[in-house]
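Database features, via TrEMBL:
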type: ACT_SITE; residues: 63; note: active site, proton donor
type: BINDING; residues: 50, 51, 52, 53, 54, 55, 56; note: substrate binding site
type: BINDING; residues: 61, 94, 97; note: Zn(2+) binding site
type: DOMAIN; residues: 9-131; note: domain 'CMP/dCMP-type deaminase'
Ligand SMILES: O=c1ccn([C@H]2C[C@H](O)[C@@H](CO)O2)c(=O)[nH]1
């Protein structure tokens, strides 16, 4: 007997989670709320929103909250990721956040982007990571 094919990944549900996170953003300075959501290899969904500060440079990207929630709720590896802007449109993560994601998802992490689904290897080529410190 052959195994049943895997159902397609539910990107819509992840977008919904990212939009919900975005609705909690604190972005009074940029006026640019962001929400991020990712699945974990055990099936959990973790989310984050950007949290700005009167000291502008120390504002936290949505992905910072996401990786913090990942660790605080048991860790694991990220498998699928999406972030959205204030209109709920798919956004690309900033460069620093690609590095944050690399730590917890590696190059095979799948990101939904405005140009379609991409691996993190494609979005952050030749990434510096934990392997360099081994
Ligand atoms: O990947 C990104 C890019 C930007 N921002 C936030 C930072 C800042 O609060 C606002 C405008 O740059 O968007 C994120 O949360 N994640």
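Each Cβ is built from the backbone N, Cα and C atoms, and glycine gets one as well.
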Contacting binding-site residues for ligand 1, chosen from 53, 54, 56, 94 when the Cβ sits under 6 angstroms of any of its atoms: 94
Residues flanking the Zn(2+) site, with Cβ no more than 8 Å from the Cβ centroid of 61, 94, 97 and excluding those residues themselves: 62, 63, 64, 93, 95, 96, 98, 100
Residues flanking the substrate site, with Cβ no more than 8 Å from the Cβ centroid of 50, 51, 52, 53, 54, 55, 56 and excluding those residues themselves: 26, 29, 58, 59, 60
Count of other CB atoms lying within 10 Å of the CB belonging to residue 52 (substrate binding site): 19
Rounded Cα separation (Å) that holds between residue 97 (Zn(2+) binding site) and the residue listed as 'active site, proton donor': 6
Residue counts (helix, strand, coil, in that order) that DSSP gives for the domain 'CMP/dCMP-type deaminase' (9-131): 43 helix, 31 strand, 49 coil
Number of other Cβ atoms within 10 Å of the Cβ of residue 56 (substrate binding site) across all protein chains: 9
Close recorded positions near residue 54 (substrate binding site), where close means Cα within 10 Å, chosen from 61, 63, 94: none
Residues satisfying Cβ distance under 8 Å from residue 50 (substrate binding site), sequence separation of at least 6: 25, 26, 27, 32, 33, 34, 59, 60, 61, 62, 65
Distance, residue 63 (active site, proton donor) to residue 53 (substrate binding site) (CA atoms, angstrom): 16
Which of 51, 54, 61, 97, the listed binding-site residues, has fewest other Cβ atoms within 10 Å: 54
Surrounding CB atoms that lie within 10 Å of the CB of residue 94 (Zn(2+) binding site), all protein chains: 14
